[in-house]
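Have a look at the structure below, then the notes.
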Amino acid sequence: MRNQVAFYRCAICGNLVELINRGGGELVCCGQPMTELKPNTVDASVEKHVPAVTKKDGKLYIQVGSALHPMVPEHYIEWIAVVSDKSMQRIALAPGQEPKAEVVDTGEEVDVYAYCNIHGLWKAEVK
């Protein structure tokens, strides 16, 4: 079973947090409950947002979108995260970089997330 991570965003200031262990409390920022982000997996923008993963030579090669996502200051992928049952890796990205990452393929099933500063959280499952 993969880690049950969750991502929350503050609707007021935009803070984004990763929850690694559900303890039963409510996450609050700016005096308001934070909103849990639900990852998209399919949409009209799928070709630009859903992580595409290729397994090769013991690595996972990840790119955001089958057609690369734009990486300009107004619209870009902020990070890519790879979550398995034993670990989580997050790769920070910035405008001007390619929306790509490379991680070791442990042979485990993983969830790959990408976060777009405009269109939110996207997810692909890799078996």
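Yeah, the Cβs are placed from backbone N, Cα and C, and that goes for glycine too.
Note that the structure is predicted; figures quoted are calculated from it, not measured.
These come from TrEMBL:
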DOMAIN    5-36  domain 'Desulfoferrodoxin N-terminal'
BINDING   Cys10, Cys13, Cys29, Cys30  Fe cation 1 binding site
DOMAIN    42-124  domain 'Desulfoferrodoxin ferrous iron-binding'
BINDING   His49, His69, His75, Cys116, His119  Fe cation 2 binding site
Ask   = So of all those binding-site residues, His49, His69, His75, Cys116, which one's Cα sits nearest to Cys29 (Fe cation 1 binding site)?
value = Cys116
Note = Expressed in Å to no decimal places, the gap between the Cα atoms of Cys10 (Fe cation 1 binding site) and His69 (Fe cation 2 binding site) is 24
Ask   = For Cys116 (Fe cation 2 binding site) and Cys30 (Fe cation 1 binding site), what Cα-Cα distance in Å is obtained after rounding to a whole number?
value = 23
Inquiry  = Helix, strand or coil for Cys10 (Fe cation 1 binding site)? Use DSSP.
reply    = coil
Ask   = Looking only at Cβ atoms, how many others are within 10 Å of the one on His49 (Fe cation 2 binding site)?
value = 27
